[in-house]
Amino acid sequence: MALGGGGNIKVVVRVRPFNSREIDRKAQCIVQMKGEQTVLSPPTNIDPRSKNAKAAIEGSKTFAFDKSYWSFNKKDASYAGQDNLFDDLGKPLLDNAFGGYNNCIFAYGQTGSGKSYSMMGYGPEEGVIPKICRAMFERIEEAQKDDNLTCTVEVSYLEIYNERVRDLLNPSTKGNLKVREHPSTGPYVEDLAKLVVRSFAEIEHLMDEGNKARTVAATNMNETSSRSHAVFTLTLSQKRHDADTGMDTEKAAKISLVDLAGSERAQSTGATGARLKEGAEINRSLSTLGRVIAALADLSSAKPGAKKKNASMVPYRDSVLTWLLKDSLGGNSMTAMIAAISPADINFEETLSTLRYADSAKRIKNHAVVNEDANARMIRELKEELAQLRSKLTTGGGAGEAGAIASEQYPPDTPLEKQMVSITQADGTVKQVSKAEIVEQLDQSEKLYQDLNQTWEQKLQKTELIHKEREAALEELGISIEKGFVGLSTPKKMPHLVNLSDDPLLAECLVYNLKPGTTTVGNVETAKTAEIRLNGSKILHEHCTFENEDDVVTVVPRDNAAVMVNGQRVEQPKRLRSGYRIILGDFHIFRFNHPQEARAERAEEGSRLKHSITADEIGDPSSPSPSVSQGHDRSWSNVSRLNPDYDLDSRANSPMPMRSL
């Protein structure tokens, strides 16, 4: 992704270490990397009747990419870490963005292949997204030492799940947002919040709150983050004042950072029912992405004469994902793809599919241009368009002119949908449209015009308003918000619940405080006064209460409420100990943390261990050996005993979630 305006999509491949499932199944590594080449060998124990039999006969397959990152073993001299990825993709992307070019990085691969680790990372091992954001503001700080240059940054964060678009930063835009396309702007999401950010810390905060919103929605639908696509977009604007001429010029670059859903086959997941339907929607968007990539690769390889003829055949609109990525794929953008793969023989078919996908993508040619004074041009074009649209609704226009209309006379009570007008287009053809369509187009263009005309002060006010609404929406559900704090802040004294999930991207994002007295858990739809409000058909109007008396916490289930503690259904009040696991309904899973109790237990364990060592040293056979205290089930606290340095009270103060490669 070198600095410049053209060229092919840059494609890199990254292989992760074995995960626990692959280790348990004694998987063999079938991936090798030699320089820029990735070599995939077929499994040795393949069934001759399976689909992979042909691939086994054909032997090893070699693919050449822009980079092949060996992240299988940190001890290897050729190991590629997060810094390597940022140096090769992130830094050139920032060079392009400050040059005024649009940019995109998207990660593709099966679930668990390391996409989110490469994009987001965790703790000190930041991924490419936080590294880009941090470095961008460092460059802005340096650039703005020039008094004639002003830089501004806006952020949006959306999720695509089952072909529906969800704004992760604005709680007031509920439901499915519509994807539109305008000749001036290209594809965009109507009513998607674009929030002002002035520092890396503010971006961290938005990522954190966006991930909280993603976690709440995912838990409510019993999904995982791997089942959805996430698109994090930065818009960098640079306005330069020429002191000699008194003129201002502006460059605007859009940076789209995309974490795609997992690309696994239905038979490999064992999905049925709603999960199978969900998988079909995901496969629809990913298969459409594959067809778009294949079509663009063919166009890029075709002769110039054939390219124009077939360009309209690229199926961008067959899925929401590809429609939004239209500019990033074969359009006005400089794009890089991270293909994340597993090293294991048991994932041979998925890995081969990912490598073939990536091999097609590297043939696509993009046509990026510098976006200079783009806003002024779009405002001018939209102003002209609005005047034309209003004219079409009220007058007949001049005969024979492009855009002129001829309309029949209709009774006053005729619905706009049935009032048809004939519009003469620029090429001389006549198109029939309803006045309702013209009104809808007018409404869309007015929204775009208003957005582009917003002052910086108006954008700041809107950002602050949405920030307050977002925090209020989380607090209304009983989720603890630490004012001015980035990431998960667990209370140091108060007992609390933290959410758990199989997906590390969603785990431990939400904290629910259990204050002294009674905390009621109820259904989000009906229990408006409950302190903790959860979704789901198995969550009752009043599901249970948590009684915190003298720092002793007891869960009290209501009649017929589904409440489990440490894997056992409970129907009577149950005292909780730090580290206990609690399930409410079908899929709301929590860990109970009691910071003061946990500290006291660790001190007791340390004292007991010290006493035992002293007794052994003096050879006292009557000295008691260390044992687990009686009276309650401690099986869920083993981690604190096995690792005395593990602090159950706290977690890394970072919004970047824990995730293994």
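Any Cβ shown, glycine's included, is placed from N, Cα and C.
The domain 'Kinesin motor' annotation in TrEMBL covers 8-364.
Look at Gly112 (ATP binding site): DSSP puts it in coil. For Gly109, Gln110, Thr111, Gly112, Ser113, Gly114, Lys115, Ser116, the entry in TrEMBL reads ATP binding site.
Annotation comment: TrEMBL describes 598-661 as region 'Disordered'.
If you look up TrEMBL, you'll see 598-608 marked as compositional bias 'Basic and acidic residues'.
Residues annotated as compositional bias 'Polar residues' in TrEMBL: 625-641.
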Binding-site residues (Gln110, Thr111, Ser113), the one with most neighbouring Cβ atoms at 10 Å:
Ser113
Would you pick out, from the binding-site residues Gly109, Gly112, Gly114, the residue whose Cβ has the largest number of other Cβ atoms within 10 Å?
Gly109
